[in-house]
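The structure appears below as structure tokens.
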Ligand SMILES: Nc1ncnc2c1ncn2[C@@H]1O[C@H](COP(=O)(O)OP(=O)(O)OP(=O)(O)O)[C@@H](O)[C@H]1O
Ligand SMILES: [Mg+2]
């Protein structure tokens, strides 16, 4: 019924996790000594799950999201998204994979500065294979839903921080990705803006969207199904205690599969 | 200052490539401008410097009298030096007569007079008949240089006797001398003309050791002389008076050699002016294209510096920091440019001046190079401070960035994303830290195409004029001299009728020629008198040929002198003070003759001519035009043969018409516009390449975002390709028509001032190739930045920004 709730994935088979990472290692060359950003990470996200990733600065959270999105590669280990291996793929495969499977929300928005809010949504839509008109109407719908319906022609630089982040989220959703990745989406926002974004994520989650969100804030993390803790490039607590991923996930998956394309 | 130094260090580390490109652009421009200004100066002074170093003869004295007593002339008070030469011939194997030179009759030659510059080897020992020197063109034309041998063949005294009577002596049967070429020399007398093959100068010993083989048994031979006067050209009248007194003759021909040198200087000045024009065009293009690189560079720096303004960076510091890089690059570039100019000086001066240059090879013009070294960094300083100031001002001005209608339209049209983004990169400057000025790059592309097109259009015009004597009004190829001073050499009419009847002949004009006056202006007047219904096509600038006795067509320079245009009335005075009024029906060219240039004179009808001159004439001459391709010696002979029965067996004189001097002068500078075109192409390529590289670097964030959204590498590369293509297309759309117009306008100026018939030039090949070449070039230039865009590490770029 809404534009939000239509992941392209077939999530009806709970057996396939949305994300599965095993033994992932990533070392960066640095001037003094190599930095081990990931040191054997095991990590799994069920379909329709909303997972928060927490941990001190520099522990590898962003790197983890980047390797899931194929923006970075692992040196060792495997990365699977919805049952498909992402590691070892070439750049172009990854680019196409991102178009439909991944929506990425960056900490600092990363919007295209020179083009209007609407065009920021149209460009990825067209990249993903939509026609210009289809992408435009999809963009307008998303902007309406995210409360930016009256800002279509404005440039990102003239929007507030919260508005910009909502625009970035809208952009991540244009191609109905199976997986939404968000790297500290509330980090650059004040508490009001943060609450706005979190509320949006909750609605998305209710509609069945699988979400992995990095955050520093315990309040924000509390909104997720489960919170994964990282330290020094490892997952130290995968948070699989309170709410089991399977129950919530499969419910959401069914509702997601039921909500047809808008 | 410390901040500037620190910033400069950072810049050098981060952006050394940009600065190197900038320095190279400056160097290229500097080389072109400095080399051509220095070359023009060198060419202008070549004759004077050669004259100053070679003690040349001021006059050539031609008594053409055997037994003339030169010792008395040598003793005249005006004479500084004198050398005699023999009007008699000898041959050199494999060398045509006009390259064998004269035999000199004393050893003053090359010692006290006409002492040449030695370009290679040494001067010949005048006491040895087996040593010769040659002029500069000779080794190239005959493949014989210093150290090689020539065989000189002398006539027997009996053969010389035959020769003196005007009969053909046959091949020389006297002694032959194997002479070694010991040097290549140059002086005003021993110099080459543009199209000469060069010549040999034999030693005095050749004549002195073999006198009988030159003077024959009767001693009926002339010695003429080259004379250097103590007071130079000014004392010619005194010399002439003394010469008459001593020799008892007043009719001795004296050539003023300075006259020849003045002509050479005039030609060199024309060519030098062309070089200066080239330098000017190169300078303007360079200022513009290098200027836009500086602009882009400083605006990028200012954008970076904006963040530091928040922590207290002042305006002056920002200006200093932003201009430091470009000034250093300009300094380096001007040094390289000066070095380049010195290298290029090896090929300077160009054209006819090269034939007079006393010290060919490398040359350092300190004045020009010094000016270049001082002015270039100053210009760069002014340019970068101004553009940094502008960038600072616009950074503080928070208006919305300019959108391009074309870029918006491509998006509206639903074109693929790389096309939309590439077009936007090319046409929209963007804003904030990633802003890249786009107008300079667009203008750079336009200027590049425009310059190349203008240069090649102009070059096409020059080539056309150089290959077409008709542009100088010369539409006939043969001339027949039929009479002098109102007396014909024979019965002319049947001869002309017979020639006109030949199928290869397309026109015969029976011209009587006499000089009319209008005020101070002499007007050499030709009759329009077609023979056999085959009129000569006259090249008209405007109007038409006269058709009635009171009508006249004036040549352009005469028309200007009389302030006449088509429709004006002019009054001419002819023979026996006959005054007639004529209406000017046209402006057009006349045949080049011994009394007039092709641009001075007039055409009248036979009746009009008769009204002025009656039946008198100065010359009687027929202009004969042949079908293209049939102008050969055999053809000339055939016409002569056909005419022979009518002239009682005597052959009529038929000469091939030589092209006007102006044609040779224009041919000489034919390559200049091509150099200019090539130079502009290089400069534009540099500027556009720089624009693309900058755009990719400044906009890598945008590219990275698009990559994160799923744009492939190929598509990222395509973005840059589209950007380059749009630049090229804009360049073509505006550059082609403007360049064509500019090239034609420039040529019209030249055509009006030369003067010559303006014929709208069209560089067809250039026009056809401009599009493909510009697009190809743009895509080649896009290759490296495109590669960078494709290789971009997305994750890293996004976390860094
Ligand atoms: N491209 C890179 N080159 C070198 N080192 C890197 C690179 N990317 C990440 N690192 C290093 O890897 C480690 C993990 O970085 P990452 O960005 O994943 O941390 P994070 O958990 O996201 O930190 P924060 O909460 O501050 O964003 C850090 O020490 C970082 O310096
Ligand atoms: Mg991070």
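Cβ atoms here come from the backbone N, Cα and C positions, even for glycine.
Per DSSP, the secondary structure of the domain 'ABC3 transporter permease C-terminal' (B:675-784) breaks down as 95 helix, 0 strand, 15 coil. Per TrEMBL, the feature domain 'ABC3 transporter permease C-terminal' maps to B:675-784.
The transmembrane segment annotation in TrEMBL covers B:275-297 (among others).
Per TrEMBL, the feature transmembrane segment maps to B:318-346 (among others).
Within the chain carrying the transmembrane segment (B:366-393), a Cβ under 8 angstroms from the stretch's Cβ atoms is held by residues 26, 30, 33-34, 37-38, 41, 287, 291, 294-295, 297-299, 301-303, 315, 318-319, 322-323, 325-327, 329-331, 333-335, 337-338, 341-342, all 6 or more beyond its ends. Annotation source TrEMBL lists transmembrane segment at B:366-393 (among others).
With a threshold of 8 Å between CB atoms, the same-chain residues lying at least 6 positions outside the transmembrane segment (B:441-463) that come near it are 281, 285, 288-289, 292, 296, 426-427, 666-667, 669-670, 673-674, 676-677, 680-681, 683-685, 687-688, 691, 695, 727-728, 730-732, 734-736, 738-740, 742-744, 746-747, 750-751, 759, 761-764, 766-767, 770, 774, 778. The feature transmembrane segment is assigned by TrEMBL to B:441-463 (among others).
Annotation source TrEMBL lists transmembrane segment at B:674-696 (among others).
According to TrEMBL, the transmembrane segment annotation covers B:717-742 (among others). Non-local neighbours of the transmembrane segment (B:717-742) in the same chain are 406, 416, 418-419, 421-423, 425-427, 441-442, 445-454, 457, 684, 688, 691-692, 695-696, 703, 706, 711, 762, 767, 770-771, 774-775, 777-779, 781-782, 785-787, 789-790; each lies 6+ residues outside the stretch with a CB under 8 Å from one of its CB atoms.
Taken from TrEMBL, the feature transmembrane segment covers B:762-784 (among others).
Across all of the domain 'ABC3 transporter permease C-terminal' (B:675-784), the predicted model scores a mean pLDDT of 86. As a quick check, the transmembrane segment (B:275-297) and the transmembrane segment (B:762-784) miss the bar of 3 or more Cβ pairs under 8 A, pairs 6 or more apart, so the two do not touch.
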